[in-house]
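Let me begin by presenting the structure, written as C-alpha cells, before commenting on it.
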Amino acid sequence: MISFSFHLLVFILLSLSSFATAQQPYVGISTTDCSVSDNTTSVFGYSCNGLNKTCQAYVIFRSTPSFSTVTSISSLFSVDPSLVSSLNDASPSTSFPSGQQVIIPLTCSCTGDDSQSNITYTIQPNDSYFAIANDTLQGLSTCQALAKQNNVSSQSLFPGMRIVVPIRCACPTAKQINEDGVKYLMSYTVVFEDTIAIISDRFGVETSKTLKANEMSFENSEVFPFTTILIPLVNPPANTNSLIPPPPPPPPQSVSPPPLSPDGRKSKKKTWVYALAGVLGGALVLSVIGAAIFCLSKKKTKTQTQEETGNLDSFMGKKPPMSDQEFDPLDGLSGMVVESLKVYKFHELQSATSDFTSSSSIGGSGYIGKINGDGAMIKKIEGNASEEVNLLSKLNHLNIIRLSGFCFHEGDWYLVYEHASNGSLSEWIHTTKSLLSLTQKLQIALDIATGLNYLHNFADPPYVHRDLNSNNVFLDLEFRAKIGSLGSARSTTEDFVLTKHVEGTRGYLAPEYLEHGLVSTKLDVYAFGVVLLEIVTGKEASELKKEIDEGKAIDEILIHGRLLPEGLTSFVERLVVDCLKKDHLNRPSMDENVMSLSKILAATQNWEESSY
C-alpha cells in the first residue's frame with residue numbers, strides 16, 4: 001500500500017510539473033555573439049514548447065532608410081502588404097519615418113526543437129550573417145540560426161544569393177493560455193534606454209506578465225540592446241505609434257517571509273497537512289484531465305463515424321442536402337483559423353461579383369471582384385473545403401497566394417483570396433504580346449521555386465502541391481509570383497507515400513506518379529521543370545511534352561526559345577534536365593533549385609546591365 005501511494009504521489013508530481021512548463025528564458029547578449037554555439041542559450045531560437053506547434057505571432061521592426069515603406073518592409077518579411085497596412089493604420093503607399101515601430105504579422109512554427117518563422121532574403125554586397133541578423137533584421141535572428149538553417153558559412157555568401165532567415169518567435173504555452181489568457185507572443189528587439197517596465201507600458205501589458213513570459217524577475221530584469229524579449233498579448237497588437245503609454249505601475253511590494261513556528265511539532269503537523277492537500281489537489285487535477293480526455297475521445301469517435309458515413313455517401317454519389325443552418329462549417333476549422341480569417345456573407349460576394357456574372361468570371365469556378373474597395377479572387381468549391389482552408393490559414397509566405405476569408409452557402413464553399421492583379425502566369429508566357437523581360441521571367445521562376453521550397457521544408461507539416469502548372473501561378477502588381485490552387489496539396493512527413501487517386505494537369509505529372517501513384521516532393525520538382533521550360537520558351541506544356549516524347553533534346557528546345565542569351569542556355573538546360581529526370585531520386589530538391597536560380601538570375605542581371 002505504501003509502495004502504491006509513493007508511486008501515485010510521484011506520478012501526480014510528474015503530471016503537475018507539465019503544467020509548470022517553462023516559458024522562454026531571456027538569455028541576454030548571448031544571442032548577439034556569433035562565437036556562442038551552445039544551444040542551451042537559445043541562440044538558434046526560442047524553444048518549441050507552445051501548446052500549438054503553429055500559431056499567429058508578431059514582431060516589431062523599426063523602419064530604416066532601406067526599409068521605410070509598407071511595400072519594402074512587407075517584402076523583407078515575406079508577408080502580404082495589406083496585413084501590414086491594416087495592423088499599422090497605414091495606406092499601402094505609406095512611408096514611415098526612420099525609427100518608427102512597425103508591427104509585422106508572422107506564422108510561427110516548430111522546426112525541430114526551435115520555434116521560428118522562415119523568410120527568404122537576397123544577399124547584398126558586404127553582407128554577413130552578423131550584419132543580416134543584427135543590422136538588417138535588428139536582432140530578430142542570430143548568426144547561429146542563419147548558419148544552421150542554410151548550411152553555408154558566412155564567408156561563402158555572395159550578392160544575389162537567396163537564403164532562408166529564421167525569425168525568432170514563439171507560441172504561448174498551455175500555462176500562459178490557461179492562467180493568463182495569452183493568445184499571442186510578440187518578439188520585440190530591445191533598444192538603448194529600454195526597460196521591461198517601459199516596454200510593457202508601451203504595449204499595455206503588466207510588467208509582471210512580461211517578466212514571467214521571459215523567465216525574469218523584478219530583481220533580475222536587466223535587458224540589453226539587439227536582444228529580443230517576448231511580449232504576451234491577449235489581443236492582436238494595436239498601432240504602437242498611436243498608443244498613449246499608461247502610468248508606470250507601482251513598485252513591487254516586498255513580501256515578508258512568514259514567521260517561524262515556535263513549536264516544531266506544529267510546523268511538522270502543518271507540513272503533513274500541506275502534503276496531504278497537495279496529493280488531494282493533484283488527484284483532483286488528474287480526475288479533471290481524465291474526464292476531459294474521455295470526453296474528447298468520445299467526440300473524436302463520433303466525428304470519425306460521421307466522416308466514414310460522409311465518405312460512403314460520397315462514394316455512392318450521394319450529396320445530402322445542406323443548409324447554412326443544418327451544417328456549421330466552423331466545426332471543421334481550427335480555432336486559430338476562425339480568428340484569423342473573415343467569414344463573409346453570401347450577399348457580400350454576390351455584390352462583389354455582380355451576382356457571379358460572366359463578366360467577373362476568370363474561367364472555371366473562379367471570379368474576380370471588389371470587396372470594400374479591395375480586389376479579391378473568389379473560388380467556388382463544391383463539397384467540403386475545410387481541409388484546404390485549414391492548410392491555407394497556416395501558410396504565410398510572399399510566394400503563396402493568401403486566403404483572406406471564406407463563405408459557406410447552400411452546401412458550397414466560396415474561398416476569398418488576395419487579388420493578383422496581373423492574373424495567371426500562363427496569360428503572360430503563352431501569348432505573343434508578352435512584355436516580360438528575361439530578368440522578370442527568371443525572377444518569377446525563382447519565386448515559384450522559393451514558394452515550393454517553403455511548402456516542402458518549412459511548412460508544418462510539409463506539403464506537396466501535386467498540381468503545379470502555369471495556370472496555378474499568379475502574378476501581382478510587381479510581377480512577383482504567388483502559387484495558388486492548393487486544393488490538391490497533401491501533407492507528408494515521409495520521403496514518399498502511395499496513392500490510388502492520381503490527379504493533376506496533363507503534361508505536368510511525373511512518371512512515377514502516373515505509373516505507380518508515388519507522391520513525394522520530387523513530384524513538384526518535375527512540374528517545376530515543365531513550368532520553367534514554359535517560362536523560357538513561351539510554349540505550352542502539351543506542346544513541350546510532344547516535343548520531348550518525339551526525342552527532341554532540351555537544348556534544342558531552348559535554342560528556339562525566346563530571349564535566352566547563349567551564355568546562359570547551358571545553365572538553364574542543366575536545371576531543366578535535372579528536374580525532368582525520369583528517376584525521381586535523381587532530381588534536385590527545391591532548395592537546390594532556389595540556389596541554382598539565384599545564381600542564374602544574378603548572372604542575367606549582370607548580362608542585361610552590361611548590354612546597355
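Glycine residues also receive a Cβ, built from the backbone N, Cα and C atoms like all the rest.
If you go by Swiss-Prot, C48 shares a disulfide bond with C110, out of C34, C108, C110, C143. In Swiss-Prot, the cysteine linked to C108 by a disulfide bond, out of C34, C169, is C169. In Swiss-Prot, the cysteine linked to C55 by a disulfide bond, out of C143, C171, C295, is C171. C55 (disulfide bond) has C108 as its nearest neighbour among the disulfide-bonded residues C48, C108, C110, C169, going by CA to CA distance. Neighbour counts of Cβ atoms within 10 Å were compared across the disulfide-bonded residues C48, C55; the minimum falls on C48. The two recorded residues C48 (disulfide bond) and C108 (disulfide bond) have their Cα atoms spaced 10 Å from each other. Within the set of disulfide-bonded residues (C108, C110, C169, C171), the lowest number of other Cβ atoms found within 10 Å of a Cβ is recorded at C110. Using DSSP to sort the residues of the domain 'LysM 1' (119-165) gives these counts of helix, strand and coil: 19 helix, 8 strand, 20 coil. A distance of 9 Å separates the Cα atom of C110 (disulfide bond) from that of C171 (disulfide bond).
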